[in-house]
Amino acid sequence: MATTVHLSSSSLFSQSRGRRDNSISSVKSLRKRTVLSLSSALTSQDAGHMIQPEGKSNDNNSAFDFKLYMIRKAESVNAALDVSVPLLKPLTIQEAVRYSLLAGGKRVRPLLCIAACELVGGDEATAMSAACAVEMIHTSSLIHDDLPCMDNADLRRGKPTNHKVYGEDMAVLAGDALLALAFEHMTVVSSGLVAPEKMIRAVVELARAIGTTGLVAGQMIDLASERLNPDKVGLEHLEFIHLHKTAALLEAAAVLGVIMGGGTEQEIEKLRKYARCIGLLFQVVDDILDVTKSTEELGKTAGKDVMAGKLTYPRLIGLEGSREVAEKLRREAEEQLLGFDPSKAAPLVALASYIACRHN
């Protein structure tokens, strides 16, 4: 039998006002954390800060300030994410979702989505729902990836992992909820902004990127590859893992941005190749950092891939070989941006350099 709950108009107003006040406070707090964390991360890097677009004079006014661009986009994304998950009942699952979704991070995937949309003539508002959807799915994958049955990680973004705070059962549900919310958010928020045929294509692209031919496939092969003898496994095997586990979602982020921005098929394919390169680049650098940085520097447990016996680039080709591969991938990514307006391509050129030179 259904239970009827009667609320007075004043009670409803009070609850609504409380949620609004909490949301405003949360956005302000999140904005402050974003500026501090991104400023720290970007200031410590040797490259990717000030990028000189092709054909521009070498002065401070024409140089592209990637640090400022990244902070501003992250602030916009964080504000949109905060609004997307209000504190409604049941509170526990909403809190678990918000704990990981609003934990900070570099927001590389939504930034890529927005920058790709802007590259082909779109704007931030048009891309934002897709950018948030990609970040929701990324966060979902991190929550599940950290579980004891997967990577069994204790730290993520400098904080205890979701299951350490809310328990394994709630972490599984939080990840599931984010996966569903991603598609709901993208389709509902974009209604009226994006043509239905474009939205259908975007949904298919995103679903394909995370299913059994995408992220899930990469995670499965990654788990199955633990303790394999690196002498008997080639780079092709490792590339398969990371093209699916890491690059697939980055690829989807870029392609969704171009779709939302009304790009051509040729532009979609160029950005797909660009994202594939930076996806592999991201993982090569991640493998390097895992064996060269401390837990404090990374914000997650250092050396856990080595301890788990996982296949990594340094394990297969050494640190120097891994660095050479990273530089090759960075150059190949930049080559895909030739022919675009240099000023609009500047954020993506800078993003490739940022990923190559990051320290955490």
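Cβ from N, Cα, C; glycine included.
Per Swiss-Prot, the isopentenyl diphosphate site holds K106, R109, R157; the candidate it also names there, chosen from H138, H185, H237, is H138. Fewest other C-beta atoms within 10 Å: among the binding-site residues H138, R156, R157, K300, K310, that description fits R157.
The Cβ of R109 (isopentenyl diphosphate binding site) lies under 8 Å from the Cβ of A131, V134, E135, H138, L249, L250, A253, each on the same chain and at least six residues away in sequence. Most Cβ neighbours within 10 Å among the binding-site residues T246, Q283: this distinction goes to Q283.
Listed in chain order, the extra residues whose Cβ falls within 8 Å of the Cβ center of the isopentenyl diphosphate site residues K106, R109, H138, R157 are G105, R107, V108, E135, T139, L142. Taking every pair among K106, R109, H138, R157, the residues recorded as binding isopentenyl diphosphate, the greatest CA to CA distance is 16 Å. Across the residues annotated as binding dimethylallyl diphosphate (R156, K245, T246, Q283, K300, K310), the two Cα atoms farthest apart lie 19 Å from each other.
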